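> Sharing a structure, written as structure tokens. Questions coming.
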Amino acid sequence: MTQPATPAQQDAPAAPATSAPDRSGARPPLGFRLDVRNLSLLGVLAVLIAVGGFTKPDEFLATSNLQLVLTQASVIGVVTVGMTFVITSGGIDLSVGAIVALASVWATTLATQEFGFAGILFTAVVVGLGCGLVNGLLIAYGGMVPFIATLAMLASARGLALQITDGRTQMVTVESVLDLGVRDAYILGIPPLVLVFAAVTLVGWLILNRTTFGRRTVAVGGNAEAARLAGIDVRRQRLYLYLLSGLCCGIAAFMLIVLAGSGQNTNGNLYELDAIAAAIIGGTLLSGGRGTIVGSVLGVLVFTTITNIFALNNLESAVQQIAKGAIIVAAVLVQHRTLRGAD
Amino acid sequence: MPVPSRRGLLFGTAAVSAGALLTACTSNEPKKSDDAAADKAPVADDKPGKAVTIGFAGPQADHGWLNAINQNAKSRAEKYSDVTLEITEGSNDTAAQIGQVQTLINKKVDVLVILPADGKALTQVGLQAMKAGIPVVNLDRIFASPQAYRCWIGGDNYGMGLNAGNFIGEQLKDKPDAKVIELAGLDNLELTKQRTQGFDDALKNYPNIRKVARQAADFTVESGQAKMAQLLQAQSRFDALWNHDDDQGVGALRAIAQAGRDDFLMVGGAGAKSAMDAIKAGNSVLKATVLYPPTMAASAIDLARALGQGKGVSGMAELEIPASLTLYSAVVTKDNVDEYLPTGFN
């Protein structure tokens, strides 16, 4: 699993500066670059694929399984892209799972479903944005610590979701929404949800690596005071970041509605932890100032692949959880070891 | 939590009230499904008797079946003019529920009905109530000590598995080398183990059938979809599926439809209305569901009322209500679905 040291050393000087807040318009080098952390994650993924292919060659390597793994990674993947931005800025969003739940149940109420496909999509996105707005206002302008503000949102959004559903499962009856999840809707063999995931990833990568907004996000996370002195409106930047996370949750909620064909207040359970874990093993610093979309997506894929391999081999859920924990530790340890050589 | 700033407070209040307003606007009232079936079976006598205050403490209704439990208890209590129901906020937190039961004891209710989040953990508070002279009707999840309750009423988890297994066994008995798979519920609940045990014991009656896979979901639609999708990928051919819970079954059916599979029969569990509708329509793999009826909550209110009034159960020779009642896990199929449909919960 250990990566050769050469690419690491080449990579290190060009890696995004973590402490220099504003690079006054200096564009990062064009062209796609995989840094050492991503390479080690790719290594983990390769090992997992080898394990899957070895234990269950027929089932694991089938096209239908690839489609399944990517589909299952899609919902949490979109949430993780938003989370990566927030963590990069030095914040945290504990409310993502609750926002997904609230958006998904609000979008599937009988009243909303009367407006069909557009009504469901619109409601999911607006509820996501609305929750993100409240988070952002509380944190950026209300001066609340992100941990506390989003914890409060976690509690109240889940509560509201429970109140709306009254504990019931709200079945979706809009055929055009349900149709998006079935095989007939695949485009060139790719499920539409996976395409949404890919699009969100691409847009997220472009924003973080190729725009002023992205550089400001890194700057705020690296040193908020320095960023403020450099002329960045830190508060507005924070507001936008939580809005962005809320938007991702809204999109994810719609994807979950397509996948599950229903809205339930238990939706998105523990997404916050999964998204944080994926971002962290992807190489985003929990203290802020460094974030990688590619790493986060690889992190999500690692977790989904593990789940898939375990299910194919019919392992118990207790064993699955233990192994998941072990792999988080292993992935981070591998990164640290590789990085010690690099930095 | 630290004291929020004035502005923070203002935003928070605005957000919460906006949310509340919006909830009120987007109404979500499904068509009324009154527990018509629960009304059919009168217990003791329906004529008003001595006034009884019943304290009800249940878990948080974040799941279709648990919600139906609360609804059944409430509407049954409303039916009796001599019953006052003191209901606490449901909670999945053991410590919080203990506090709620203690509050009901302090209020000196006449009888307690308790559906504990965890039966073992609430045994002590059950004992407290009994010592305080308040008889306890223990609903569903059983206390660790018989001294902690006067009467237990609940479902038969082992029987669910047994009846599901026997139903599947009868369907597949002429099929050599038949394969079945199991989509279980939350693995850290005692009831999940009992359901699986019953299922496995039933399958022993049919040597031609082999259980080839078992995965545990979380009783949620989302987990049902995800785990079922994996199972379908892992098992290219099997003949029957037993799913422990109809709520997660919504997700399982979705995964089955998404994979375009229809080469097996599926048996659900609990008795949700959506499952019964699907059985009745007969256009999916779902052919049966094994009941775990939430009407037990209405029966618990009946028993609590009889206890409070010192009466027995009509139709039985005994002067007192029984110490324990286990419901039957009937198998609902297309043939008898009309009979059970009114008990189906949303």
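Using the three backbone atoms N, Cα and C, a Cβ is placed for every residue, glycine included.
Not measured: the values here are computed from a predicted model.
Sharing the features that TrEMBL gives for it:
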- A:1-21: compositional bias 'Low complexity' (COMPBIAS)
- A:1-25: region 'Disordered' (REGION)
- A:36-54: transmembrane segment (TRANSMEM)
- A:66-87: transmembrane segment (TRANSMEM)
- A:94-111: transmembrane segment (TRANSMEM)
- A:117-138: transmembrane segment (TRANSMEM)
- A:145-165: transmembrane segment (TRANSMEM)
- A:185-208: transmembrane segment (TRANSMEM)
- A:239-262: transmembrane segment (TRANSMEM)
- A:293-312: transmembrane segment (TRANSMEM)
> By Cβ distance under 8 Å, which residues at least 6 away from the ends of the transmembrane segment (A:94-111) in the same chain are close to it?
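75, 79, 82-83, 119-121, 123-125, 127-128, 131-132, 135, 147, 150-151, 153-155, 157-158, 160-161, 164-165, 170-172, 245-246, 248-250, 252-254, 256-257, 262-272, 275.
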> Most CB pairs under 8 Å with the transmembrane segment (A:239-262): which of A:36-54, A:66-87, A:117-138, A:145-165, A:185-208?
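Comparing A:36-54, A:66-87, A:117-138, A:145-165, A:185-208 against the transmembrane segment (A:239-262), the winner is A:117-138.
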> Relative to the transmembrane segment (A:185-208), which of A:36-54, A:66-87, A:145-165, A:293-312 accounts for the most Cβ pairs at distances under 8 Å?
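Of the candidates A:36-54, A:66-87, A:145-165, A:293-312, A:66-87 scores highest.
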> Can you tell me which recorded stretch out of A:36-54, A:145-165, A:293-312 has the most Cβ pairs within less than 8 Å of the transmembrane segment (A:66-87)?
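Per the Cβ under 8 Å count, A:293-312.
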